[in-house]
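The transmembrane segment annotation in TrEMBL covers 28-54, 60-78, 90-107, 141-158, 179-203, 223-244, 280-298, 304-324, 336-352, 364-383.
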Amino acid sequence: PLYYRLNLISIYTYLEQRFGTRSYKTGAFFFLLSRIVGSAFRLFLVAGVLQIAIFDAFKWPFSITVAVTIALIWLYTFRGGIKTIVWTDTLQTLFMISAVVISIYLMKDGLDMSWTSLSEKVSNSGYSKIFVWDWQSGKNFFKQFVSGAFIAIVMTGLDQDMMQKNLTCRTLKDAQKNMFWFCIVLVIVNFLFLSMGALLYVYAEQMQITLPQKSDDLYPMLALQHFPAVAGVVFLLGIVAAAYSSADSALTALTTSFCVDFLGLGKEEKPISKKLRIRVHLGFSVILFAVILIFKAINDDSVITAVFTAAGYTYGPILGLFTFGLITKYSLKDKYVPIVCLLSPVLSYIININSEAWLNGYKFGFEILVVNGLLTFIGLFLLKEKNENYKAL
């Protein structure tokens, strides 16, 4: 409701109206950082799959694969803008879900099991475990529940990429309906993905297939080397769709945020020229290219873990800023806000790596986001100023 009421192009202009220019720029900066890192992780995954499936046969280096991957996104988002993205996201989602459903069916067929026996097989395996109660584990249910709720808030409600899609709805009521149905569909889709994930390991064990070192490589290996040819094609369509569905809109959101938040364009008196938009779009494409290559050189974790871990550090300051703005009536010493927002992730990281020694064995999971946001909030509280002219936005 806030974004519709203020008629915002960039959601971070709320911070300018509430606190001042530096708070606004800080929020926008952390969004850019979050989206660059998150999109790079996702594109790294799809580029790796394309490298194995197609480009290795031509002896193309990984850097060329990444360049081709980004170029395809750049071409169609540049030509169509956000309206194109909304429609292509629909098609990409269809491909992605189709790939999961077909893969599950092919594994059932390959194991020669009925749906009932297949579900029992998965249920009796260790991969169907949902609840972890060990408080020292990063996978503890309560940690996952709390961190999941806050991740949903920051990666949806405080993210220009996600909000720009909802803001294409004509009215607030339409946007709320969109969010409601999105949540229901997301539960079903997540259940499908979790089921397929468990089934992949069950299938590999039954077929005595040696597991790859990285969990991210299991699905590509099975789809391209052990499933029927049709599965490989469907998998490629699905994995490309999954990555592109987030990366294409991210590039447009990055361009919009940079032009509006940092260049001060997008208003009636300062429209964004086509030439400048191309340059900014191309610039972020180059940045994504570089980050993906860096990630390939240092990555030793699964992409999904890396995405949510990165979100814990980069979205924390945004969470703290918006929370402070929405639940308090104070203004801030605006010039010191960037310092607080830079220190909070650093302190969160220090706490995270030392938590087991300092907190009697407690290990942080993705809830480090909450700690980061809380530290930001506390830091902002120390910068508070009484606002005699406060008016709810």
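Glycine too: its Cβ is placed from the backbone N, Cα and C atoms.
Among the listed stretches 28-54, 179-203, 223-244, 280-298, 304-324, the one sharing the most Cβ pairs under 8 Å with the transmembrane segment (141-158) is 304-324. The stretch with the most CB contacts under 8 Å to the transmembrane segment (304-324), chosen from 28-54, 90-107, 179-203, 223-244, is 28-54. Nonlocal intrachain contacts for the transmembrane segment (90-107), taken as residues 6+ away from its ends with a CB within less than 8 angstroms of a stretch CB, comprise 189, 192-193, 195-196, 199-200, 203, 219, 223, 227-228, 230-231, 234-235, 237-242, 244-245.
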